[in-house]
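A short worksheet on the structure shown next.
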Amino acid sequence: MTDTIDPLATRRRLRRRPEWLVPAGLIAVSLVPMLAGSMRLTQLATGAAVTAENARFFDSPVPVIVHIVSSSVFLVLGALQFAPSLRRRPWHRRAGRIVAPAGVLSALSALWMTLFYSMPATYGPILFVMRVVLAVAMAAAIVAAFLAIRRGDVRTHSAWMTRAYAIGLGAGTQVFVFLPWTLLLGAPDQLTYSLLMGAGWAVNLIVAEIVIRRRARTSLPRTRTFGRSAAAAAPLS
């Protein structure tokens with residue numbers, strides 16, 4: 001006796017598998033800054049030796065703790081919002097209520113650290129300006145996304161959250177920008193360091209705009225009816 005195979009079920013399984021490649025890839029890129037953040041938290045919790053490199057974190061630990069925790073939540077849950085199957089479930093709306101505040105905390109804590117921490121010598125004025133502008137832009141993008149979904153504008157909501165996530169993921173992409181430069185040419189000087197940091201954010205934002213434009217050409221509607229169904233179906237990222 002042979003088992004019958006449902007062709008429709010098989011096709012559905014094949015469609016579902018690739019959709020997790022993007023969230024998995026985003027989480028993989030996030031692992032490097034998350035691991036670095038975990039090591040920083042361990043240093044603070046165990047009272048590691050204070051050095052010139054980490055003294056600012058011991059002097060004022062709350063901002064960096066808030067930044068590490070909120071960024072980790074934003075990156076992991078935000079990555080899962082790119083899975084189409086989750087965007088069509090109540091999980092998306094519930095997760096969004098965590099992702100958006102976490103993203104704002106990540107951006108504002110990054111801004112605080114930029115303005116008030118004593119930064120290393122490699123952080124020149126160009127990088128200072130970039131960090132301030134991008135932190136403000138990330139928080140503003142999340143606010144714009146929130147306002148858009150409140151009025152039922154799904155497409156605009158999705159676009160702004162995608163841009164915010166691209167900025168938040170900068171620390172992960174920057175590792176892959178720095179690695180080949182350091183291996184081939186050695187440690188960068190202050191200007192090069194700033195430009196490489198900017199390149200990491202630029203790559204993310206370019207990819208984000210490509211994703212947004214491709215999404216606009218597909219079936220994603222601009223608006224949905226207000227209420228529970230709209231919030232559940234609206235893609236956060």
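Using the three backbone atoms N, Cα and C, a Cβ is placed for every residue, glycine included.
In TrEMBL, annotation is done automatically, which means it is predicted and not curated.
Sequence annotations record features per position, and here TrEMBL assigns transmembrane segment to 20-42 (among others). Counting same-chain residues at least six beyond the ends of the transmembrane segment (20-42), those with a Cβ under 8 angstroms from any Cβ of the stretch are 48, 54, 57, 64-65, 67-68, 71-72, 75-76, 78-80, 82-83, 165, 169, 171-173, 175-176.
What TrEMBL records for 62-83 (among others) is transmembrane segment.
Long-range contacts of the transmembrane segment (95-117) within its own chain (CB-CB distance under 8 A, at least 6 residues past either end) are made by residues 56, 60, 63-64, 66-67, 70-71, 73-74, 77-78, 80-81, 86, 128, 131-132, 135-136, 138-139, 142-143, 145-146, 161, 164-165, 167-168, 231, 234, 236-237. The transmembrane segment annotation in TrEMBL covers 95-117 (among others).
The transmembrane segment annotation in TrEMBL covers 123-148 (among others).
The annotation transmembrane segment is assigned in TrEMBL to 160-179 (among others).
Taking Cβ pairs closer than 8 Å, the transmembrane segment (191-212) reaches residues 122-124, 126-127, 130, 134, 158-159, 162-163, 165-167, 169-171, 173-178, 181 in its own chain, all 6 or more past its ends. Residues annotated as transmembrane segment in TrEMBL: 191-212 (among others).
Here the transmembrane segment (62-83) has Cβ contacts under 8 Å with residues 19-20, 22-24, 26-27, 30, 33-34, 37-38, 40-41, 44, 92, 95-96, 98-99, 102-103, 105-106, 109-110, 112-113, 116-117, 161, 165, 168-169, 171-172, 235-237 of the same chain, all six or more residues outside its ends.
Taking Cβ pairs closer than 8 Å, the transmembrane segment (123-148) reaches residues 100, 103-104, 106-108, 110-111, 114-115, 154, 156-161, 163-164, 167-168, 170, 190-191, 193-195, 197-198, 201, 236 in its own chain, all 6 or more past its ends.
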